[in-house]
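Just below is one structure, and these are the notes that go with it.
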């Protein structure tokens, strides 16, 4: 479908998208993944089979969900003004919920860090914890995330101005930077001197950084999809809701990481 025809079909203010099964399927898959991780952490599972199965179901549900969204917006012309408004409002509510989740985890961390008990040796970090230096991989990851914020902003401005080539380059660079961040985060976990079972410090540290890492993996998938859609001429300078939500998602995760770096890595060390 050409952009002119698609724009004509999207002018009226009616909601054309029908009910979708994928949101509820994705929600149950995520809940199953959370339960699997919790049970595995407490030793109720002998292996990681259910975690791997949950990850597969999450990715499968999200793949079909994204496929339907792309088909509805690009090929069917169902993303009218009302649909776009609903997508933007829904994503803003998602961002607010994510901020509240991270706020609760920061609260849990600071509750023990500000007033450590005798069980923690009256000190923070607790006695016996070999903390990760904030001047090593965490600092490098911070620089990488700030750089990704620059490249995605460059891509956003290029998209608004109708410069497809620079938009594509910006999304490619951003995708590579976020993937590099995830890889360095994995290396940090691999060589860390403590685990999630090492008391309140280990549990709050891995809960904060691990949840952020899961969101970064999700962001990588979204960036790959946006990069492909830019390459496939799916976005125009006036219609690019998927790109805008991905860009906002990246900036929100950038800000959350800055709080993690300052509070957990720098102040908490």
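Each residue, glycine too, has its Cβ placed from N, Cα and C.
Feature annotations, reproduced from Swiss-Prot:
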type	residues	note
TRANSMEM	7-29	transmembrane segment
TRANSMEM	51-71	transmembrane segment
TRANSMEM	90-110	transmembrane segment
TRANSMEM	127-147	transmembrane segment
TRANSMEM	167-187	transmembrane segment
TRANSMEM	205-225	transmembrane segment
TRANSMEM	247-267	transmembrane segment
Checklist entry - Okay, the transmembrane segment (167-187) and the transmembrane segment (127-147): do they have at least three CB pairs under 8 Å, pairs separated by 6 or more? => result yes
Checklist outcome for this item: Taking the transmembrane segment (90-110) as reference, the highest number of CB pairs under 8 angstroms among 167-187, 205-225, 247-267 goes to 247-267
